[in-house]
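Structure first, commentary second.
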Amino acid sequence: MIETTHLLDVDDLTAEDLETVLDRAAAIKAGEDDTELYRQTLAMVFEKPSTRTRTSFETAMTRLGGHAIFLGPDDIHLGSGEPVKDTARALAGYSDAIMARLFDHADAEELAAYSDVPVINGLTDDAHPCQTLADLLTIRERFGGFDDVTVAWVGDGNNVAQSFVLGAALADLDLVVATPPEYGIDDDVLERAADLGPTPTLVDDPADAVDGADVVYTDVWVSMGEEDEREEKLAAFEGYQVNDDLLAGSDALVMHCLPAHRGEEITDEVVESDRSIVWQQAENRLHAQAGLLVELLA
Ligand code: CP
Ligand code: NVA
């Protein structure tokens, strides 16, 4: 079993925990692990929309013999009068774990502080650790491990990027990050990554990141909740699109956590190309989270 109680970000895991979760995920995916979470319930709190996170967690709980309850923004009192700490204690009284997709990362920390069952971060403005678990599972499947694999992150230094920086450090994966200077990875995340393993090489020019990369990874430029910054961000990210020109001369695979804004951070041609592994990555959310749930709850 893994050491942590909650997964608020990737650095709640040790390197050994990470390997344990990925091994468990791989075994479940291969049909070689029939551990059950019989009659266990996952409360799923969503302040933002979701296709993959909601469906993969719910499906994982069903396949494991348990149950998941979807609690959308109009379903519960969170955010409209009831403090997070009260929601935490009420939900913890009914369920075996809480998964939450929230705006403010501090709210996820408060949920965990007041919950005596595991809290899993299903995305906050700062972090998306479950995505990183699926990303690392996907890279491991494609390359057989993390040695000699170089990933280029191209685009926004956002929640997905920040958790991936921590995951790359923990997995000892080489990472080059190309962002506009004003949208880089937070210093705090770089410091936390330095405590775990190698920190990413930071560059401004996407071409410098893609040169020599085995995988090119991007995500939307305008994340959920940033709609007011749209014009400003689109201008800042000019030249950062993952397209055939950027990838010319490279045989890198392409990852995207999805949803993709085709025509902005990535082109339709690249998403639909043979180098795209986005569907494997999306499916692996299910397996990675099943592995995590078993490790936290079984
Ligand atoms: N990648 C991801 O978390 O997708 P959803 O927003 O659809 O859950
Ligand atoms: N960075 C994106 C990821 C969506 C899964 C967002 O926060 O909207």
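In case you wondered, yes, glycine gets a Cβ from its N, Cα and C as well.
Sequence annotations record features per position, and here TrEMBL assigns domain 'Aspartate/ornithine carbamoyltransferase carbamoyl-P binding' to 6-141. What TrEMBL lists as carbamoyl phosphate binding site is Ser50, Thr51, Arg52, Thr53, Arg101, His128, Pro129, Cys130, Gln131, Cys257, Leu258, Arg285. The domain 'Aspartate/ornithine carbamoyltransferase Asp/Orn-binding' annotation in TrEMBL covers 148-294. Here TrEMBL flags Asn159, Asp219, Ser223, Met224 as L-ornithine binding site.
Annotation note: Arg101 (carbamoyl phosphate binding site) sits in a strand segment as assigned by DSSP. Separating the Cα atoms of Ser50 (carbamoyl phosphate binding site) and Met224 (L-ornithine binding site) is a whole-number distance of 10 Å.
Taking each of the binding-site residues Gln131, Ser223 in turn and counting other Cβ atoms within 10 Å of its Cβ gives the largest count for Gln131. Of the listed binding-site residues, namely Arg52, Arg101, the sparsest Cβ surroundings within 10 Å are found at Arg52. In the three-state DSSP scheme, Asn159 (L-ornithine binding site) is classed as helix. Maximum intra-site Cα distance, L-ornithine binding residues Asn159, Asp219, Ser223, Met224: 12 Å. Cα separation, Met224 (L-ornithine binding site) to Arg52 (carbamoyl phosphate binding site), rounded: 15 Å. In the structure as shown, the Cβ atom of Asp219 (L-ornithine binding site) sits within 10 Å of 26 other Cβ atoms. Within the model, the domain 'Aspartate/ornithine carbamoyltransferase carbamoyl-P binding' (6-141) shows a mean pLDDT value of 97, rounded to a whole number. Here nothing among the binding-site residues Arg52, Arg101, Pro129, Gln131 falls inside 10 Å of the CA of Asp219 (L-ornithine binding site). Largest Cα to Cα distance within the recorded carbamoyl phosphate binders Ser50, Thr51, Arg52, Thr53, Arg101, His128, Pro129, Cys130, Gln131, Cys257, Leu258, Arg285: about 16 Å as a whole number. Each residue contributes its Cα atom, and for Arg52 (carbamoyl phosphate binding site) and Ser223 (L-ornithine binding site) these two points are 15 Å apart. Long-range C-beta contacts of Pro129 (carbamoyl phosphate binding site), restricted to its own chain and to partners at least six residues apart, with a cutoff below 8 Å, comprise Leu7, Leu8, Asp9, Val10, Asp12, Asn121, Ser163, Leu166, Gly167. With a cut-off of 6 Å between Cβ and the nearest atom of ligand 2, the binding-site residues Ser50, Arg52, Arg101, Pro129, Ser223, Leu258 reduce to Ser223.
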